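To keep things clear, I will list the structure first and then write my remarks on it.
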Amino acid sequence: MEQAEQQLSEIKNNIAKIQQNMAAACKRVGREPSSVRLLPVTKTVPAERLRIAYAAGCHDMGENKIQEAREKSEILNDLNIKWSVIGHLQTNKAKYLARFAHEFQALDSLKVAEELDKRLQIEGRAMDVYVQVNSSGEASKFGLAPEDVHAFVANLPHYSSLRIKGLMTLAIFSNDHERVRECFIKMRTLRDMLRQEAPANLSFEELSMGMSGDYEIAIEEGATVVRVGQAIFGKRPLPDSHYWPGLA
Ligand SMILES: *Cc1c(COP(=O)(O)O)cnc(C)c1O
């Protein structure tokens, strides 16, 4: 019990600190703090600890693997969690996503769009969707090449159960802040173009970018959603190369 209390206050403190940093980043560029959403990323965090996170105010949770997200959503189905799947999806897993997820941030193929739309119609629901773009050009990252996004987006009005909200990206993993910032600027520029030119009924207001190491830079460059895991829950036991194979 005492341990749970300690975990609760730890998570609360971490979130408060991140929110302060987020507000400061907004202030530096003249944005409203309410224009950025914090999406806690819960991969590898056990379900029982997520109960504590929920009590600490995390009601949205991001998972990058569908299987892990599904298991947790079943264990925690007594809580009103909005699950966001933020990692690559195989077409044959779209049926599971359609059943429990609130949001999908990693759309990068028309096959997945088609199957997800079909499964959502069977379930009688719609889903918020972000198109994932590979802004760094690294082979280890999923997502469309920026130059392919326009043609891709032109097909999306066909899938009436997908509520297209915006773009998602992972910046280059680098200690060189300017190279990270360039990825975010590229995404904002692309989003702004899509706002002008995208087909009717698609919305490109949202930009999901920024993680524990770079969310402040992302906010300075226009992020409306930041996906933060380790800064809330502590370091993961497995290295990033487990999640992004091919990474040095
Ligand atoms: C794990 C993950 C994050 C969060 O990374 P942290 O370093 O834990 O903040 C963000 N986005 C995606 C797609 C992830 O898989």
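Cβ atoms here come from the backbone N, Cα and C positions, even for glycine.
Bear in mind that TrEMBL entries carry predicted annotations, made automatically and left uncurated.
Predicted, not measured: the structure shown is a model, and the values here were computed from it.
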Which range of 1-28, 169-196, 197-224 is coiled coil, per TrEMBL: 1-28
Number of other Cβ atoms within 10 Å of the Cβ of Lys43 (N6-(pyridoxal phosphate)lysine) across all protein chains: 19
Stretch-averaged pLDDT - the coiled coil (1-28): 94
